[in-house]
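A.B. asks: Look at TrEMBL and you will find 1-20 tagged as signal peptide. Here TrEMBL flags 28-203 as domain 'Lipid-binding serum glycoprotein N-terminal'. The disulfide bond annotation in TrEMBL covers 106-145. Per TrEMBL, the feature domain 'Lipid-binding serum glycoprotein C-terminal' maps to 218-420.
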């Protein structure tokens, strides 16, 4: 019975692991990056603690009874010794898939304070100074942790709200950066798994299933590492395909004259059979991708494979277009991935190209002279249009005011890794104040 129970538990665990959604995007912040974040947070906390005010103080010392409100008039030169603050932040994935501080464990105490008073009653205060500084230390000890709680649970969480979770990329697609589980904190890093999935804005539920390799992060040298699987790119290609972006027409001024002449020569017999008058009319090419393009990432680089239907048409003025032929085009594009700030961009370059007829071997043979000019046409006309549209790239899940610098892109089998250092363009306080005022990060 015991063996059966263990086997069932193992089987259920195996099923759970199998059904777990793999991430399309991973981020690792190493101890170097965490030290930088800690230093920036320390400056922010110091600013928060400087806003602590002393409440009204009442008391009795011997025959003296005193009430101090706003410290009367004058000034206090105070110093604290042995200020110790211990905090632990509890990071979770909230119900929207956003990184959030759920709780803060705080323990703070000031072991010793010194104060010298000036003003109208300065000598009197000096006389009871030991009692007052003890009271001040007690009051401040009680205010430090509430101030830090507000800083973390309210202000820093507002900063984390600037990290994109589910947002539009452009008029065609959006991207989902929901956390798949709670962050994993170790002695050397903070690791986060994101869905990393694009979707069609017209049909957000029509998404690609993630069957890609789970990226593996082993590096710790830089402050931060971003890993993106083939699924990240394939879901984008799938969404653009569903959104109808991958279709275009080459005609009139966009049609190179030498290519049009070759098309007329190739289809001269077909044109004459249909109507000799068609020889005077312009020709066009209609290109439509027939299935979602797929990416392949290897150590040698990234590639995108595209299958396309190409229609050769005659355009009689004032009449419907007349189809001369329907061809199949297969193209392989080199995809160069780069990173700047917090935007990931891709630049495509046509590497391999083949066009043929699936209906006639003779027509495929006749198309051989067209291979070179057609490839040149795509390189000059179609590919720049795509690159121009996608050149703005997509924002990665980083909060406002924080950027990648000194980026290095590495290609692995099934995924890429971008290693970088972190840079704050401004302090946490300024970022949070802009968030509270409704300003957006102009860098994205």
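Positions of Cβ are set from backbone N, Cα and C atoms, glycine also.
Since the structure is predicted, the reported quantities are computational estimates derived from the model, not experimental observations.
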A.B. asks: Considering every residue in the domain 'Lipid-binding serum glycoprotein N-terminal' (28-203), what is the mean pLDDT value?
C.D. replies: 73
A.B. asks: State the count of C-beta atoms found within 10 angstroms of the C-beta of residue 145 (disulfide bond), not counting that atom itself.
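C.D. replies: Total other Cβ atoms inside 10 Å, all chains included: 18.
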A.B. asks: Which number gives the other C-beta atoms within 10 angstroms of the C-beta of residue 106 (disulfide bond), all protein chains shown included?
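C.D. replies: Counting Cβ neighbours of residue 106 (disulfide bond) within 10 Å gives 17.
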